[in-house]
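Undergrad: One structure, pasted below without further comment.
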Amino acid sequence: MVVIYQVTFFSGDATHSSTFNDVFLTLVGTESSSERTKLSQPFFFVLQMLTFEVKYPEPIGQILVIKLEKLHHLLLNQPWFLAKIELKSLAGKIYQFPVYQWITDCEEHCFREGKAALNFDDSNSLLKNYRKHELEERWDQYKKMLPYCMKAESFKSLPLDVRFSTTKEVEMGYTAAKALIELRIEELADFFPDYVHAHWKEDAFFGYQFLNGIHPMMIQRCETLPPNFPVSDQMVFSNSPLHLGDEMKNGNIFLCDYKILDGVKANIINKKQQYVVAPLVLLHKTPENQMMPIAIQLQQTPGKKNPIFFPTDSKWDWLLAKTFVRNADFNVHELSAHLLRTHLLAEDFAVAVLRNLPMVHPLYKVHHDLMFMLYLRQYFTLLNGFASSGGDGMFSILSRSISSVTYRSLCLPDDIADRGLEDVPNFYYRDDGLKLWNIIHRFVQGILVFYYKDDKMVQKDSELQAWIKDIFQKGFLGNKDTGVPEKLDTVDELVKFVTMVIFTCSAQHSAVNSGQYDFDGWMPNTPVSIDLPPPTTKGTADEAMLLRAFPHINTTVNGMATVWLLSKQSTDSVFLGNYPEELFTEDIPLQKKRAFKEDLMKLSEEINQRNEHLDLPYIYLDPKLVENSVSL
């Protein structure tokens, strides 16, 4: 009995998605496997869709796997981006095989049928993870004590599946060159964010940035002063009926402690020593609901040569102290909140997916659009040239920051609760972030409970358990103190962890990345480096001293160009809730995807309505502006 199938190949719209190599096809079914069949035309794919008819002498049962080989033709071997394969029998049964990956070699590639399947049996060769071996040796560690990253000698040696698109790569280069040229030629004032330019000296704006700037991760409620920060009532409330102890009990005192910078070796730029301080900042929530700084100590160890600065000091003393704090915040933001907590972790999540989950696994489908990476060494190169913490200081900060990266700190509801920030007014990062977290959680739960009917299915899924173990061992270095699970036992645990992964790679990255030029583009608000040591006495600061503390013009220009580049979105950006590659085929997951997008649109409308009434709109967690992945 001759069995006939129509096999349709869909080429992606990615650049260089065609191939002129010979292509061979084998079908693997529940009863037998077909013969290896050469498809008739050595042309693949000038067209985006092409159908073949293949005949086999005997039935092979229900189709489970397609094997595909691309062999040299006329000594050419070009990468081929294959979107999906559709198989249709004469009886009308249709099998979908999502691929959405580059085929760059001439080896056999196996693709499972697209209906999501869980693997409870490692010995089943038909359902094995065919992509794991491709990335078996891909783990690397750039520096000891850092999370592992993907092994690559250069950006171009990364697998095509996890590189930026050609469009993004070209636009990044163009934007960087354009920034450097224009910032050197044009009047700098033409590029300054207007609101920051007008308000950077104000205490209210200084405090506002701890909540709704690009680094809302430092502030926490203060119930007891640290022993190394000897602030008294008389110092901060001498002309007020308020008392520091009472205000702490009432939940109105907040602290930002940059102890992670203590003793960090500062960079040398333009053959000149730079400086990094490790300040403590005390803030007071006023009856007008403003977050106002009331005390700043620039170094961790108190003493006569480490004075505590107050708003009642001379305007230049106070402004200089705030300037040192803003530089400290820049260093911790870029290396801990931005690089470590989004870029490095996102890379670990992505590599773990590629190593352990086949494309038909529901977790792969949920995670797929997170898999784009900025080549790690590029980031270090960018910062080394202009940041006061460049050189060895960068790695000191990163290694110290790792101990602060706990599972709870990555889960926004837990992090907000642990920092005591649940009822702080005008905290838009928290408000928008929690709504986004809940929307993502609802989406993830709707998808995963469709596949995992009970906790035992989670426990028995060998591919899922290999994935979480890889993340624990390589991303969190096997440190149990982080609270990150090394195995998952329940559906609820799985849903929460996947929600954290998606939130980290999309919303959290947007919150700490997209506003960089808005807040850091005006250099006096956030100097990327400091040319003077911190003051050891009060009453000596003046305007000339402040200007000498600011970085050299070429350092400033490079810093501005970098934050401009990092804040730009490319024309091919994919935003949260949009899935250009259709990996799900079942009705319920497709319904959940549509509901996810609708929820995101409603939240976007709410945020825009609120922002209409704000002097400085908070836009960084608007779903219309949040990219699906850590793409820059």
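Placement of Cβ uses the backbone N, Cα and C atoms for every residue, glycine included.
In TrEMBL, annotation is done automatically, which means it is predicted and not curated.
Not my notes, these are from TrEMBL:
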DOMAIN    3-117  domain 'PLAT'
DOMAIN    65-632  domain 'Lipoxygenase'
SITE      Trp102  site 'Essential for stabilizing binding to COTL1'
BINDING   His338, His343, His509  Fe cation binding site
Undergrad: Where the distance is taken from Cα to Cα, which of the binding-site residues His338, His343, His509 turns out closest to Trp102 (site 'Essential for stabilizing binding to COTL1')?
TA: His343
Undergrad: To what whole number does the mean pLDDT across the domain 'Lipoxygenase' (65-632) round?
TA: 86
Undergrad: At a 10 A cut-off on CB-CB distances, which of the binding-site residues His343, His509 has the highest count?
TA: His509
Undergrad: Starting from the Cβ of Trp102 (site 'Essential for stabilizing binding to COTL1'), draw a 10 Å sphere and report how many other Cβ atoms land inside it.
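TA: Within a 10 Å radius of the Cβ of Trp102 (site 'Essential for stabilizing binding to COTL1') lie 19 other Cβ atoms.
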Undergrad: Which residues of the same chain, at least 6 positions away in sequence, have a Cβ lying under 8 Å from the Cβ of His338 (Fe cation binding site)?
TA: His509, Val512, Asn513
Undergrad: Starting from the Fe cation site formed by His338, His343, His509, give every other residue of that chain whose CB sits within 8 Å of the mean position of their CB atoms, in sequence order.
TA: Ala337, Leu339, Arg341, Thr342, Ala346, Gln508, Val512, Asn513, Val630
